[in-house]
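**Student:** The transmembrane segment annotation in TrEMBL covers A:30-51, A:86-107, A:119-137, A:143-161, A:182-201, A:251-269, A:281-301, A:310-335, A:341-358, A:379-398, A:455-477, A:513-530 (among others). Feature annotation from TrEMBL assigns domain 'NADH-Ubiquinone oxidoreductase (complex I) chain 5 N-terminal' to A:68-120. Residues or ranges marked as domain 'NADH:quinone oxidoreductase/Mrp antiporter transmembrane' by TrEMBL: A:138-424.
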Amino acid sequence: MINLVWLVPFLPLLGFLINGLGRRYLSKSQVSITGSGVILAAFAVSVLIFLDVRQPGFQAQEVPLFDFISAGTLQIPFAFRVDQLSALFLLIITGVGSLIHIYSATYMHDESKEGFARYFAYLNLFVFSMLILVLGANYVMMFIGWEGVGLCSYLLIGFWFKNTAFNNAAKKAFIMNRIGDLGFLLGIFFMIMQFGSVSFPEVFEKAAALGLNNGTVAAIALLLFVGAMGKSAQIPLYTWLPDAMAGPTPVSALIHAATMVTAGIYMVARSNVLYTLVPHIQSVVAIIGLATALLAASIALKQNDIKKVLAYSTVSQLGYMFLALGVGAYTAAVFHVMTHAFFKALLFLGSGSVIHAMGGEQDIRKMGGLKKYLPTTHWTFLVGCLAISGIPGLSGFFSKDEILAHTFAHSKVLYVLGLLGALMTAFYMFRLYYITFCGKFRGTHEQEHHLHESSAAMTLPLVILAILSIVGGYIGLPEVLGAPHWLAAYLSPVFAPSAPFAEAHHLQHSTEWMLMGLSTVLVIVFILLARRQYVRYEDSGRENTGLAKVLENKWYVDELYDAVIVKPLGMLSRFFQDALEKGGIDRLVNGIGRGVQWGSQQARRVQSGQVGFYIFAMVIGIIVLFVIGLLL
Amino acid sequence: MPVQYYIFLSIALFCIGVMGVLMRRNAIIIFMCIELMLNAVNLLLVAFSKMWADAGRVDAAAAQIFVFFIMVVAAAEVAVGLAIIVMVYRNTHSVDINILNRLKN
């Protein structure tokens with residue numbers, strides 16, 4: 001089965017080609033069947049691969065397709081690497097991906113026929129790129145997928161390209177990703193220069209040979225992390241992700257919550273050897289992750305756009321994953337990627353269902369009381385909120401608790417801050433839940449009349465994701481509960497090479513129980529606080545003041561970036577255009593043209609049309625030639 | 001007779017031809033001056049041919065073949081050139097070359 005791994009990315013590519021080329025000729029149902037069908041087929045193949053990979057003692061396999069780059073001693077094959085980590089990501093991407101494709105078929109049904117096919121073509125291309133990213137057997141292959149998902153993200157954020165604001169959001173996402181990509185690319189170049197190879201095992205082996213705290217490895221790890229910052233929306237490159245909500249909601253669920261933004265986490269987890277070798281860089285990862293988690297969570301407290309809240313929540317959860325990577329808890333990070341994919345896709349799709357029912361309204365102040373109109377959406381959304389808040393028994397609890405426990409073992413300060421972020425998460429998620437689903441309906445009568453539960457094709461993915469959000473955590477039960485941590489055992493071959501360099505932290509079981517109890521109690525307290533404040537929410541229409549206003553305006557980071565980077569850059573560009581382009585280059589080029597014209601005006605006087613003069617000139621010329629001939 | 005005499009004569013003829021072409025404005029006279037130059041060259045060729053024949057070279061007569069070629073070319077040229085001059089005269093009622101500067105611009 002492993003040899004058929006090329007089918008997994010090939011099927012979405014096929015879907016992309018069919019939908020992209022046949023967009024004029026295929027009907028909407030044909031497009032959605034092709035688009036979702038290929039992903040489902042890829043999911044089936046992924047499951048078969050996973051069944052092979054999960055056997056104990058499975059060795060990572062490389063499946064080469066062809067030679068991609070071969071220059072001198074540098075060999076870069078176009079090869080897929082099937083191991084525990086990539087097989088798990090295959091399942092997440094194609095599994096969540098196919099649910100979202102099915103959901104999209106209904107959600108996007110109001111699009112024109114061509115727009116509908118274009119949407120599915122982009123979505124298939126995205127899945128293809130994402131699969132290349134996680135399957136690549138070397139950093140260059142990973143980079144190909146990395147750029148591909150960036151492109152698809154741009155295309156899908158700007159899917160409604162007639163809206164200038166959406167286009168600007170798409171450009172912002174693309175440019176910010178580009179900054180990160182430069183870091184990634186420099187990291188790859190550095191790697192080629194130092195190790196002469198980009199293949200994972202070779203690079204890790206050579207890096208490990210250099211020993212702990214080597215400057216070269218530190219530089220590579222840091223540059224790769226810059227790439228991860230861009231793709232996974234970490235400080236300082238996170239501002240594109242909230243704006244990326246301009247895209248259709250299923251896109252936000254698939255690309256900007258479940259899969260693409262976790263590419264950075266995948267990359268760091270894949271390069272775990274490099275990061276474990278340089279603890280300082282690892283601390284940088286942890287601190288940036290934690291700072292992002294806190295900043296984004298604080299912004300989410302005061303946002304009023306349903307998708308913006310979820311977007312900041314995503315940024316914050318990604319910060320948690322980086323915190324986990326930074327404290328060396330690679331399994332916990334991957335675990336959280338998986339559970340987060342379930343519940344965040346669920347929340348996004350739920351918000352899509354709400355937006356659909358509200359006729360495009362995204363402001364939660366104009367919602368309220370949707371509980372009775374959208375029963376299925378309501379309970380699935382509630383499950384998502386409980387899971388992300390970390391209520392015991394749901395998936396989010398296990399992964400988040402694992403991250404926090406590892407953080408506690410690493411550093412108490414980081415733990416306290418991380419717990420604070422988790423509490424904010426519980427608060428803003430339930431603020432969102434109560435304002436949206438409880439209280440009285442605050443929209444117009446027309447909207448109220450129009451309210452309806454979405455069709456089965458949209459609620460079915462919600463129900464499946466809700467079930468996954470509940471049970472997804474049981475593959476990684478903490479040790480204290482006496483059950484084996486299946487995921488840790490499964491992933492251990494991937495993280496084994498870095499194990500000798502890692503510091504071992506061990507928590508007492510009593511400490512772990514205490515941490516679990518503490519976070520659970522505090523989370524419930526914060527949920528109750530949110531309930532007291534927002535369950536009977538009325539839109540007072542008052543302007544926020546003080547800190548609330550700062551939070552509502554996202555700490556003014558966008559304004560800061562605008563003033564510090566965008567405006568000066570714009571001024572510099574204008575200077576270059578006016579002074580250098582027009583004043584320098586244009587004038588030089590035009591000057592040459594004018595000089596030639598003037599010179600020929602002078603020279604044409606020689607051609608007077610007088611035959612006598614011509615002959616005279618000829619004779620003079622002959623004499624000159626004679627003289628030259630005689631002299632030489 | 002020494003060959004120098006022929007050389008001087010033909011230089012003189014050639015220079016007269018050149019000066020005529022440069023100085024005169026009448027197209028027919030210019031034409032005649034061109035013929036003069038051609039014939040100056042012919043004279044020189046014949047003179048050198050004779051000189052080499054006296055020196056005992058067997059292939060010296062080859063130079064005289066050139067003379068015939070030049071005469072043929074000159075005859076053809078006269079045919080074309082006079083025809084042009086006739087046409088010019090018909091159109092302008094003049095054979096003054098200074099008014100033939102209309103090709104300018």
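Cβ atoms here come from the backbone N, Cα and C positions, even for glycine.
Show me how these features fit into the shown structure, please.
**Tutor:** Looking just at the domain 'NADH-Ubiquinone oxidoreductase (complex I) chain 5 N-terminal' (A:68-120), the mean pLDDT is 90.
Note on the transmembrane segment (A:86-107): residues 8, 32, 35-36, 39-40, 42-43, 46-47, 49-50, 53-54, 80, 119-120, 123, 127, 130-131, 134-135, 248-250, 253-254, 258-259, 266, 334, 337-338, 341-342, 345, 349, 352, 356, 454-455, 457-458, 460-462, 464-465, 490-491 of its chain, located 6 or more positions outside it, place their CB under 8 angstroms from a CB of the stretch.
Remote same-chain partners of the transmembrane segment (A:119-137), defined as residues 6 or more beyond its termini with a Cβ less than 8 Å from a stretch Cβ, comprise 5, 8-9, 12-13, 15-16, 19-20, 23, 31-32, 34-35, 38-39, 42, 62-64, 77, 79-82, 85-86, 89-90, 93-94, 97, 100-101, 104, 108, 111, 143-149, 151-153, 155-156, 159, 199-200, 248, 250-251, 254-255, 259-260, 263, 266.
Residues 60, 73-76, 81, 137-140, 143, 146, 207, 216, 219-221, 223-230, 267, 270 of the same chain, all 6+ positions outside the transmembrane segment (A:182-201), place their C-beta atoms under 8 angstroms from a C-beta of that stretch.
Beyond the ends of the transmembrane segment (A:281-301), by six or more residues, the same chain brings 218, 221-222, 225, 229, 233-235, 238, 268, 275, 308-309, 312-313, 315-328, 407, 410, 414, 417-418, 420-421, 424-425, 427-428, 431, 551, 554-555 to within a C-beta distance below 8 angstroms of the stretch.
For the transmembrane segment (A:310-335), the list of distant contacts is 85, 88, 228, 232-234, 238, 241-242, 244-245, 252, 256-257, 261-262, 264-265, 268-269, 272, 275-276, 282-294, 296-297, 299-300, 303, 344, 347-348, 351, 388, 398-400, 402-403, 406-407, 409-411, 414, 418, 421, 424-425, 428-429, 432, 475-476, 485, 487-488, 491-492, 494-495, 498, 502-503, 505: same-chain residues at least six beyond its ends, Cβ to Cβ under 8 Å.
Listed as Cβ neighbours of the transmembrane segment (A:341-358) (distance under 8 Å, sequence separation of 6 or more from its ends, same chain) are residues 92, 96, 99-100, 103, 107, 249-250, 252-254, 257-259, 262, 306-307, 310, 313-314, 317, 366-367, 370, 373-374, 377, 380-381, 383-385, 387-388, 394-396, 436, 443, 447, 450-454, 458-459, 461-462, 465-466, 468-469, 472.
Long-range contacts of the transmembrane segment (A:379-398) within the same chain: residues 313, 317, 335, 339-340, 342-344, 346-347, 350-351, 354, 422, 425-426, 429-430, 432-433, 436-437, 459, 462-463, 465-466, 468-474, 476-478, 516, 519-520, 523-524, 527, each at least 6 residues beyond the stretch ends and with a Cβ under 8 Å from a Cβ of the stretch.
Here the transmembrane segment (A:455-477) has Cβ contacts under 8 Å with residues 96, 99-100, 102-103, 105-107, 331, 335, 338-339, 342-343, 345-346, 349-350, 352-353, 356, 376-377, 379-380, 383-384, 387, 393-399, 402, 483-488 of the same chain, all six or more residues outside its ends.
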**Student:** The transmembrane segment (A:513-530): which same-chain residues, six or more beyond its ends, come within Cβ distance under 8 Å?
**Tutor:** 389-392, 397, 400-401, 404-405, 408, 415, 419, 422-424, 426-428, 430-431, 434, 478, 480, 507
**Student:** Sequence-remote contacts (6 or more beyond its ends) of the transmembrane segment (A:30-51), Cβ cut-off under 8 Å?
**Tutor:** 1-2, 4-5, 7-9, 11-12, 14-15, 18-19, 22-23, 82, 87-88, 90-91, 94-95, 97-98, 101-102, 104-105, 113, 116-117, 120-121, 123-124, 127, 131
**Student:** I'd like the per-state residue tally for the domain 'NADH-Ubiquinone oxidoreductase (complex I) chain 5 N-terminal' (A:68-120) from DSSP, helix first, then strand, then coil.
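**Tutor:** DSSP classes over the domain 'NADH-Ubiquinone oxidoreductase (complex I) chain 5 N-terminal' (A:68-120) add up to 32 helix, 13 strand, 8 coil.
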**Student:** Can you work out which residues elsewhere in the same chain, 6+ from the ends of the transmembrane segment (A:251-269), have a Cβ less than 8 Å from its Cβ atoms?
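**Tutor:** Contacts with the transmembrane segment (A:251-269): 85, 89, 92-93, 96-97, 100, 103, 123, 126, 130, 133-134, 142, 145-146, 149, 152-153, 156-157, 159, 184, 224-225, 227-234, 241, 244-245, 275, 285, 307, 310-311, 314, 318, 321-322, 325, 330, 333-334, 337, 340-341, 344-345, 347-349, 352, 494-495.
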